[in-house]
Amino acid sequence: LDLSNCSLHSVSPGLAEATAAIVLDLTENPLTTLPSGSFLGFIHLQRLAVPLTLECPGGSDAWQDVTVDRSSRLCQGQRNPCNRSMELAWPCPENSVCAPDGPGLVQCLCDNSFHGYKCLREGTFPMLLFGGILGSATVCLSLLLWSTQRRKAKTP
């Protein structure tokens with residue numbers, strides 16, 4: 001994805017739709033900052049060129065090689081922050097596993113048979129029970145409102 005020399009002053013929220021990008025060029029743009037969530041979901045990004053005034057997203061630890069020339073900074077080879085041998089891996093709660101979510105970003109995914117807050121609930125989400133309660137509450141509330149508001153609609 002070549003966005004070089006597009007007069008970008010900030011990273012567009014529409015960039016989030018390009019998470020499948022492998023190569024991204026943002027050079028020759030008057031960018032001042034890269035917000036921390038700009039590259040959320042960019043797990044396939046392997047080469048990123050940014051203006052010299054900016055750092056690589058996630059810092060230099062998030063990339064295997066950071067090269068600087070006179071007008072740009074090239075970030076190559078996105079590292080997986082979940083399996084770092086030199087420091088402790090990302091601390092995910094019990095019953096979950098760490099997964100990369102962009103340069104220097106991680107997410108914790110629940111194991112197969114767990115769900116809910118911090119993956120503490122075992123089993124599958126009770127979809128039928130949840131849908132039944134939500135549907136019946138909606139129908140009851142709709143009938144109540146219809147019956148109480150019906151009189152007001154008939155009078156002039």
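Glycine too: its Cβ is placed from the backbone N, Cα and C atoms.
The list of residues near the domain 'EGF-like' (78-120) in space but at least 6 beyond its ends in sequence, with Cβ under 8 angstroms from a Cβ of it, reads 39-43, 45-46, 48, 56-59, 61-64. What TrEMBL records for 78-120 is domain 'EGF-like'.
For C119 (disulfide bond), the same-chain residues lying six or more positions away in sequence with a CB closer than 8 A to its CB are P93, E94, N95, S96, C108, C110, D111. The feature disulfide bond is assigned by TrEMBL to C110-C119.
Annotated transmembrane segment per TrEMBL: 125-146, in sequence order.
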The domain 'EGF-like' (78-120) [mean pLDDT, rounded to integer]: 83
